[in-house]
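Trainee: Pasting a structure below so you can have a look.
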Amino acid sequence: MKLCMLKKLIREKLIIQQSEILLYLKSQHCTLMVSASIRSSQKPNKDGIRSPKIPGSALDHDNIDYRESQNSLTPQHKIKRAMTKNQDIERDENSLQEEIKVPLISQEKRDGNVENGNGSELQIKEERFMVYLSTFVAVCGSYAFGSCAGYSSPTQSAIRDDLSLSLAEYSLFGSILTFGAMIGAITSGKIADYIGRKGAMTVSSGFCVAGWLAIYFAKGALLLDIGRLATGYGMGVFSYVVPVFIAEISPKDLRGALTTINQLMICTGVSVSFIIGTFLTWRALAITGIVPCAILLVGLIIIPESPRWLAKNGNEKEFEAALRRLRGKSANISEEAAEIQDYIETLEKLPKAKVLDLFQRRYLSSVTIGVGLMVFQQFGGINGICFYTSSIFESSGFPADVGTIIYAILQVIVTALGATLIDRAGRKPLILVSAFGLVLGCLLTGSSYYMKEHGIAVNAAPALAVTGILVYIGAFSAGMGAVPWVVMSEIFPINIKGVAGSLATLVNWFGAWACSYTFNFLMSWSSYGTFILYAAVNALAIVFVIKVVPETKGRTLEQIQTAINA
């Protein structure tokens, strides 16, 4: 009997010990899980140590109350409590794992979001790096354009003296640049459509390099004129293909600012040529014109082709690869790619456009906007005022060299400011503010000539003339100089972009020639009347922009076409 009782007690003792061991292991497991949860969300203390315990909890086996309550229990109560706790712990463990899992997942998501938040700027920069690089390479062509345009002014006397050129021969050297640019404008669209935007920039760079070398080695008027004609042709192609390429590769939120850099770099090229031409020989200045072309040719090897041109020509794999490079490896390009493809497929159903097709009803709005802006840009007087700034300053009694330096610096600064505003303020507001400034500048300058001719406040006339010219140049640089090129690159459907872009560029160059050619004749007719006439043209530009030109800010090229044709 005693032996049976002893065996029973031993068996109960073993069961109690096993239950307590099981309870301990379970509780320790839960404690570790809770500690892990705490560590995942808890900040370290000042010593950098996280506490894994929950003091005073039922799971803390170092707690005094817990030990005393365990010692006071009978074996039967211990068994029952152990079994109950075992079941409760299993239940609690499952629920605790779920509760721990959710916060950990949420925390992981939050951490991921924080990391993405902190790294979003870096990620955006990485995704847009290729767009920025491609734009930089392309605007080397714009800088080359400016170098060509600004070359003749500081080198006139030196070239005439070294090569014994007559005034008529040097005048031909200066004006033949415009004729070369007009030829380049006529062919630029076809070249860009046939061999691509990169191919067109390569051809343009080749002509510029050949032209600069011809000028450098010139011993007489013939080679000098051939070189000038070649650089003019390169300018004409650059003037079309650079803004079009930038518009086609840029995301919609950057397109305006990046396209405006085209005009900024033209201004920079002109200004740098003015400045360094004062201390370099005319042959050395010609060599500096090769530098941007060389950078462009090397850069074209690295950057991708326009995705829209690739899609238009059926190069589907190359199209997706180019778009992926421009938008970044992690970017979702499916929506943009589908939109471009759908638009291209719609255009493929239409016949290839010719010049006469531009005047069909469905294209008339785009052509009117693109060509109209070029007309108002040039016939508002910019090239006449630009080419004869020095004489205007001299005739008004202001030092010509000081005025020219102020003119060049102001042009670059205001153009850069316009580039930062174009995607914030929009295209139309910038053109309208610019046109109002042009009207004001013309009226101020015209008033100064009127006062001088009629003997009214003669001492104030020079200051008024200088103020008017600087207001005019600042206003032109703020909007009318760059924005028409931006809109031209956006406004034409891709199936007529080559033909329509060539027409708009040709009109621009013709306007530049006509304005510069007629300026002296108009000034001899009436100096103040000339500026009143320019003011009237710029006032008409305000009406044209308000009534006809749409806002293209924040829209894809395909959305712009939908809005125009609606």
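Keep in mind that glycine also has a Cβ here, set from the backbone N, Cα and C atoms.
Just so you know, TrEMBL annotations never went through curation; they're auto-generated.
TrEMBL lists these features:
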type: TRANSMEM; residues: 129-152; note: transmembrane segment
type: DOMAIN; residues: 134-553; note: domain 'Major facilitator superfamily (MFS) profile'
type: TRANSMEM; residues: 172-192; note: transmembrane segment
type: TRANSMEM; residues: 199-218; note: transmembrane segment
type: TRANSMEM; residues: 230-249; note: transmembrane segment
type: TRANSMEM; residues: 261-279; note: transmembrane segment
type: TRANSMEM; residues: 285-303; note: transmembrane segment
type: TRANSMEM; residues: 363-390; note: transmembrane segment
type: TRANSMEM; residues: 402-422; note: transmembrane segment
type: TRANSMEM; residues: 429-451; note: transmembrane segment
type: TRANSMEM; residues: 463-487; note: transmembrane segment
type: TRANSMEM; residues: 499-519; note: transmembrane segment
type: TRANSMEM; residues: 531-549; note: transmembrane segment
Trainee: With a Cβ cut-off under 8 Å, give me the same-chain residues at least six positions beyond the ends of the transmembrane segment (463-487) that come close to it.
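Mentor: Distal contacts: 239, 243, 247, 255-256, 259-260, 262-264, 267, 369-370, 373-374, 376-377, 380-382, 385, 389, 392-393, 396, 398, 403, 406-407, 410-412, 414-415, 417-419, 422, 427, 430-438, 440-449, 451, 531, 541, 549, 552.
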Trainee: Apart from its near flanks, which chain residues at least 6 from the ends of the transmembrane segment (429-451) lie with a Cβ under 8 angstroms of it?
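Mentor: Result: 373, 376, 380-381, 392, 396, 418, 421-422, 457-458, 460-462, 464-465, 467-476, 478-481, 483-484, 527-532, 534-535, 538-539, 541-542, 545-546, 549.
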Trainee: Go through the chain and flag residues at least 6 beyond the ends of the transmembrane segment (129-152) whose CB is under 8 A from any CB in it; none is fine as an answer.
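Mentor: 173-174, 177, 201, 204-205, 208, 211, 231-232, 234-235, 238-239, 241-242, 245-246, 249-251, 254, 258, 261-274, 277, 285-286, 288-289, 292-293, 295-296, 299-300, 302-304, 325-326, 328.
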Trainee: For the transmembrane segment (261-279), name the stretch out of 199-218, 285-303, 402-422 with the most CB-CB pairs under 8 Å.
Mentor: 402-422
Trainee: Decide whether the stretches the transmembrane segment (285-303) and the transmembrane segment (199-218) have at least 3 CB pairs under 8 angstroms, with pairs required to be 6 or more apart in sequence.
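Mentor: By the criterion, they touch.
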Trainee: Give me the stretch from 172-192, 199-218, 363-390, 531-549 with the greatest number of Cβ pairs under 8 Å to the transmembrane segment (402-422).
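Mentor: Ranked by Cβ pairs under 8 Å, first place goes to 363-390.
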Trainee: If we skip the immediate neighbours and take only residues 6+ beyond the ends of the transmembrane segment (363-390), which ones have a Cβ under 8 Å from one of its Cβ atoms?
Mentor: 353, 357, 400, 403-404, 407, 431, 435, 438, 442, 469, 472-473, 476, 480-481, 483-484, 487-488, 491-493, 496, 500-501, 503-505, 507-508, 510-512, 514-516, 518-520, 522-523, 530-531, 534, 537-538, 540-541, 544-545, 548-550, 561, 564-565
Trainee: How does the model score the domain 'Major facilitator superfamily (MFS) profile' (134-553) in terms of mean pLDDT?
Mentor: 88
Trainee: When you scan the chain for residues with a C-beta under 8 Å from the transmembrane segment (531-549), skipping those not six or more beyond its ends, what do you find?
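Mentor: Same-chain contacts beyond the ends: 365, 368-369, 372-373, 376, 379-381, 385, 427-428, 431-432, 435-436, 438-439, 442-443, 445-446, 449, 468, 480, 487, 522.
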